[in-house]
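Enquirer: I'd like to ask some things about the structure below.
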Amino acid sequence: MEPLSSPLLTKTTYISPTPALSIAPAQVIRGVDRLAEAGEAIAAFGSRPVIVGGDRTLKLIQPHLQPIIETHQLKANWANYTPDCSESSLEKLQQIGADHQGDLVIGVGGGKALDLAKLLAYRTRVPIITIPTSGATCAAWTALSNIYTNEGAFLYDVGLAKCPDLLILDYSLIQTAPMRTLIAGIGDAIAKWYEASVSSGHSEETLIVAAVQQARVLRDILFQKSVAALNEPGSQTWREVVDATVLLAGAIGGLGGAQCRTVAAHAVHNGLTHLSATHKTLHGEKVAYGILVQLRLEEMLQGNQLAASARGQLLKFYSDIHLPQTLADLGLGNITLAELRHGAEIACGEKSDIHRLPFKVCPESLMAAMVSTTVPVGATKS
Ligand SMILES: [Zn+2]
C-alpha cells in the first residue's frame, strides 16, 4: 500500500504528457435483472471484493449480491464511502482494503460512491467493477474521479489509468432510484454538447471531432426522448435515456479524452459546491443551471445570438422535465451577495475550466450571468 501524502492526487501524478486513451470499460453487461446473472463475470475478477457504496445503495444491493457471494464463495467486505468522496474517505477505504486483503473493488451507487471506488481500485492496483444504481451520472463508465472535501466542496479531479474492467447496468436497479436522479443525469449529459462544442468544436483531430458530434447526437436524443422516458419509467424509451446518461455520456468523455473538457457549466457547479446550501441538490442539477449561466456569458460578453437561442430552447426543455433554471430553484434564493461572490470567485479560479471560454470571465460578469439565467431571450443586447 502506498503511503498517503498530501496533495496526494494531483492531475500530474496520474496523467503523463501524452496520456493513454481510456475510452471505455472492458466489458458492459446490461439488461433488466442482469445483475443476478452476472455472478460468473464478477467472480472472474477476484474472490475478496471490497464493496463500496452509500447507506442506501449498500442496503439496496445486498439482496442482489449476496446470492452471488454465496454461490461463488466470495469473501466480501461492505464499506461505506461516507462522509464524501474525499481524501480522508479514500484513506479509510484503503485501510479497509488492506485489512481485508481485497483483490477486487465493486463500486455501487451514484457518482461519488463510484468515483471513490474507482480511485480505491486504482490506488490499490486491483480490478474495478461498477454497478450504477441511478442514471444521475456517467461515473460508472469514465476513467475520472472528482474529489471533494468531507463537507462536499469540490477540490479537483483525477484522471485514472483506465475505465472500469466491468460495468453492470441493471435497469431494474436504476428504476428503484428517485426520478429526480435521472432528471439530474439528463442535465449532466446534455452539458456535454454545450461544453465540448466550446472547448473542442474547432478541433481537427478525428476522435475529438467524433466526440463533439456524439455530444450533439446525445443532446438530440435527450431533447426527443426525455419527456416520454420520465412519463414511463421502465419503458424502452426510458432505457434509451438511461443508456444516454450512463453510457453515451461516458463514451463521449472517453473518446474526447483530456482535450474535450468541461467549460463553464461544470466550473459553475464546482463553485456552487462551496456554498453549503447547494449540498441538497444533485451534481447534474447544478450543472444544468451552469449551462444556462455559460450561455448567458456567451450572450453578454460575446454578443452571441446562437447562445441566446440555445438558452431559450433549454429553458423550455428544463420546464418540461423540471430541471432548475435559477439560483432560487437550487435553493439559493436567499444567499447573500458575499456568498454569491464566493461561489463566483471559486468558479473563476486560476485553473478553472471556465477559462476555456474564448473570452475573459471575471467574478463580476459571472455573478451577473448567474442572476440572469431566465431573462427573456432577445431582451438584452451586448
Ligand atoms: Zn458532470
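Each residue, glycine too, has its Cβ placed from N, Cα and C.
Annotations in TrEMBL come from automatic prediction, not curation.
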Enquirer: Select one of His202, His279, His283: the residue that TrEMBL places in the glycerol site alongside Asp188, His266.
Expert: His283
Enquirer: Which of the three DSSP states, helix, strand or coil, fits Tyr148 (NAD(+) binding site)?
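Expert: Once the DSSP labels are grouped into three classes, Tyr148 (NAD(+) binding site) ends up as strand.
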Enquirer: Anything from the binding-site residues Lys112, Ala113, Asp115, Asp188 with its Cβ under 6 A from ligand 1? List those in sequence order.
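Expert: Cβ < 6 Å from ligand 1, in sequence order: Asp188.
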Enquirer: Compare all C-alpha positions of Asp188, His266, His283, the record's glycerol binders, and send over the largest distance in angstrom.
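Expert: This binding site's residues have a maximal Cα-Cα distance of 9 Å.
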Enquirer: Which whole number of Å gives the largest C-alpha distance between any two of Gly111, Lys112, Ala113, Leu114, Asp115, Thr142, Leu144, Tyr148, the residues noted as binding NAD(+)?
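Expert: The widest Cα-Cα gap among those binding residues is 17 Å.
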